[in-house]
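*Asks:* Before I ask anything, here is the structure I am working with.
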Amino acid sequence: MRFFALFIYRPVATILIAAAITLCGILGFRLLPVAPLPQVDFPVIMVSASLPGASPETMASSVATPLERSLGRIAGVNEMTSSSSLGSTRIILEFNFDRDINGAARDVQAAINAAQSLLPGGMPSRPTYRKANPSDAPIMILTLTSESWSQGKLYDFASTQLAQTIAQIDGVGDVDVGGSSLPAVRVGLNPQALFNQGVSLDEVREAIDSANVRRPQGAIEDSVHRWQIQTNDELKTAAEYQPLIIHYNNGAAVRLGDVASVTDSVQDVRNAGMTNAKPAILLMIRKLPEANIIQTVDGIRAKLPELRAMIPAAIDLQIAQDRSPTIRASLQEVEETLAISVALVILVVFLFLRSGRATLIPAVAVPVSLIGTFAAMYLCGFSLNNLSLMALTIATGFVVDDAIVVLENIARHLEAGMKPLQAALQGTREVGFTVISMSLSLVAVFLPLLLMGGLPGRLLREFAVTLSVAIGISLVVSLTLTPMMCGWMLKSSKPRTQPRKRGVGRLLVALQQGYGTSLKWVLNHTRLVGVVFLGTVALNIWLYIAIPKTFFPEQDTGVLMGGIQADQSISFQAMRGKLQDFMKIIRDDPAVNNVTGFTGGSRVNSGMMFITLKPRGERKETAQQIIDRLRVKLAKEPGARLFLMAVQDIRVGGRQANASYQYTLLSDSLAALREWEPKIRKALSALPQLADVNSDQQDNGAEMNLIYDRDTMSRLGIDVQAANSLLNNAFGQRQISTIYQPMNQYKVVMEVDPRYSQDISALEKMFVINRDGKAIPLSYFAQWRPANAPLSVNHQGLSAASTIAFNLPTGTSLSQATEAINRTMTQLGVPSTVRGSFSGTAQVFQQTMNSQLILIVAAIATVYIVLGILYESYVHPLTILSTLPSAGVGALLALELFNAPFSLIALIGIMLLIGIVKKNAIMMVDFALEAQRSGGLTPEQAIFQACLLRFRPIMMTTLAALFGALPLVLSGGDGSELRQPLGITIVGGLVMSQLLTLYTTPVVYLFFDRLRLRFSRKNSKPVVEI
């Protein structure tokens, strides 16, 4: 009593405290960063190594395996995967959430150093690492085009100057430059000319390497001067290499230009990049795992004027893709939804209280509670994101509930003629415990979320804390500011209302009278209500089992990502044509704004595409509908497939798969994996629950298998090393020398001129110089025949792995897909030597599925404990919790009605309903207990009176929560995929709960009261001594 009086009788102090909370909140709001979702990125580091010309199997055994053994000893590694292709290996290390990325990077470098001695010689550079996840979609893509500059020159400028500058911006983790490669001097050998001159390929390589050296020459000095010695020991251009003497034939000099074409070109000619049908260099920018995407993009945009100033006029720099506009639009939509929710909630209060002054009180209390929450969010290191703003939107209904309960009870005393200050004190004292019970039990719902681990726990923690803080501030405001404003602003009123207010008043009275009549009937038919209650419990169980489930709602971010997978024997020239064909099909779609893509490198039969869609307001279809439409057109392209998926704000794992979800096969036997993977992939492709099924196991690439006759080689004076060196020199794009320039280092690349290696007959022109200096054709000691070989070799941990990726057809949930996969694996009878498990997002979904029920039960148990402590009773918390089954039925039926799967967002809605619907029971039980204690009423009379007295605040609080959540259901635009499941769950649960709990709660209250009396009578019987 004294606590409440302290604030009621000191209005200036109370107002200043509220103002201080508001000012701190405004300051926190201005300082909060902006993000699509809470920070949930796993720390990921990518290790890269190259050995030009090495086969995928060689890369896997000689490069990947030593590195994996060393990297696997690092503490905190959650998952390690690797992919080895022609000449390159990439190892992805995913660390635990609590691992610092910089500390992990130091451990990775130490592991690379430890494995260095085990790696093969001939690697052009040491393995390197990057602190970025290659499977993440770029946060921004910049393109460089030019009418006069070559692709190699553009690439050099982009990688040497632009990429270096962008990489220094805070938050940037990796700048991947694609579309070409660095400039190089390319030496295209003529095998016949070499044979005629008696010059071996090794001799050419050694001559070039010896002619281009960079060594210190020292200095000469006398007593006065000092001269630095400088020589022309370096060759920098193709024109300087052409006259190089590489051999003497009968005293005549054989120059490099006599036996080869020497051109200024690029290191790897098998690279291509395009933007909207124009050749382009792509700068794909990815953020650090812990970086804020909006702040990083803003930093890049702020740097763009400086970048454009340093670019020559012949180069055009454009932003091809930017993730930030859709994120900002989504957050703006949430903020508008929040404002609408506040307005609707205040409208509900006005309709019930029919007083402008009374409505002004919650109109002040709600903003103070919500704005004050921003200060706590800033101190906790949170961000303004979809989930935290959704928490505040839902909190609108909660925070007004506390104010409504206090305000309505004070208003009731005022209507009875009590003086304002006395009514404020008396009304607050009567409901103070009720408000505390409602708030503490609501916060208790979120305690299990705070203890939840993994990605779901990290994702929901910010939501739970934000909502809990808002409820806590609301509790303080409702017991201090609200009664103070009631005591000083409201006046005692007469029983009659003004004529213009009679309509709403009569409706409320009529509803209350109708409720009283129906409640009497219900209390006389308790068994029927009991059957209905048990039916809702059973229906909950059935609906939860039957409803489709998924991890996170599929978002429409306005960006699509596509992976091209062509025939494994396709050439680079044909692959570049496929890229152009796919880009044309996509560019012609009316919903597409921009298309960029690239192909080449170590994976000749693959490519990547990034598609920016028009803003939501300029297109009618969702991203998934556009994908469905394009899938039909793209399927008509022969010899290649393009797999499209919508870019999501959450992507788990480091696998760069061609679909959203992955199922990984592991085996210690590569042969067993290669035998069973095609069978499993074929079976999964036939499932209607899956779409775009594809695999990263590609073991049907065309290979020419050379078989050496070692006896003949020994007799001819040729060793295996010389033969392998011949093949590497001829067909491996071998980097044989380095050209040093002020801004970068470039390579001299040697291979047989493509004009002489168009088919297998090129092998017949190859020869080796034996120990006697004679030219021995390759065909003398080797036979060759075509065979199949893998284009890539993949590992997970130290086991051979193959990942089958898939998307979901429209109308199919992730739970239906995973169940179908598990059922298929059982039906196929896959041996124990091949193990299957879900990866990435599908794996997290499986883990979340296992913990969902535990989480709901833990929340209910926590609420029960809190209520039991507050009421000092084992029974009354059960009465209050009896409201939950009806809310669960309503929520699940609403999700089914809207064809929305049960996702992590819907789980949040269920958790919120646990807190919301019990408020009705708390208000009933509190007044019934008080009536029994102080009024001497029977349980039947007490609960009946409590239901009637609390009918108006129950209707007000429920409608406030309902109208607070309704804008989430009706919202459209960017980000609505996240908001709608939450709104649907809450609105459905509230409607069903309001219809049932007004009747089931009093029945359950009486049931437990009779049960209590029965047990108390048994315990009170005298003990009979025998």
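The backbone N, Cα and C atoms fix where each Cβ goes, glycine too.
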*Asks:* Do E430 and S934 end up on the same side of the membrane, going by Swiss-Prot?
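*Replies:* Domain labels match for E430 and S934 in Swiss-Prot.
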*Asks:* Decide whether the stretches the transmembrane segment (948-970) and the transmembrane segment (389-411) have at least 3 CB pairs under 8 angstroms, with pairs required to be 6 or more apart in sequence.
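*Replies:* Since 3 or more Cβ pairs under 8 Å link them, the transmembrane segment (948-970) and the transmembrane segment (389-411) do come into contact.
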*Asks:* May I ask whether the transmembrane segment (431-453) has at least three C-beta pairs under 8 Å with the transmembrane segment (7-29), counting pairs 6 or more apart in sequence?
*Replies:* no
*Asks:* Between the stretches 336-353, 360-379, 895-917, which wins on the count of C-beta pairs under 8 angstroms to the transmembrane segment (431-453)?
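*Replies:* Looking only at 336-353, 360-379, 895-917, the most contacts with the transmembrane segment (431-453) come from 895-917.
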*Asks:* Using a Cβ cut-off of under 8 Å, list the residues of the same chain at least 6 residues beyond the transmembrane segment (389-411) that approach it.
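*Replies:* 331, 334-335, 337-338, 341-342, 345-346, 349, 352-353, 355, 358, 361-362, 365-366, 369-370, 373, 423-424, 426-428, 430-431, 434-435, 438-439, 442, 462-464, 466-467, 470-471, 473-475, 477-479, 482-483, 486-487, 490, 912, 915-916, 919, 923, 952-953, 956-957, 960-965, 967-968, 978-979, 982, 986.
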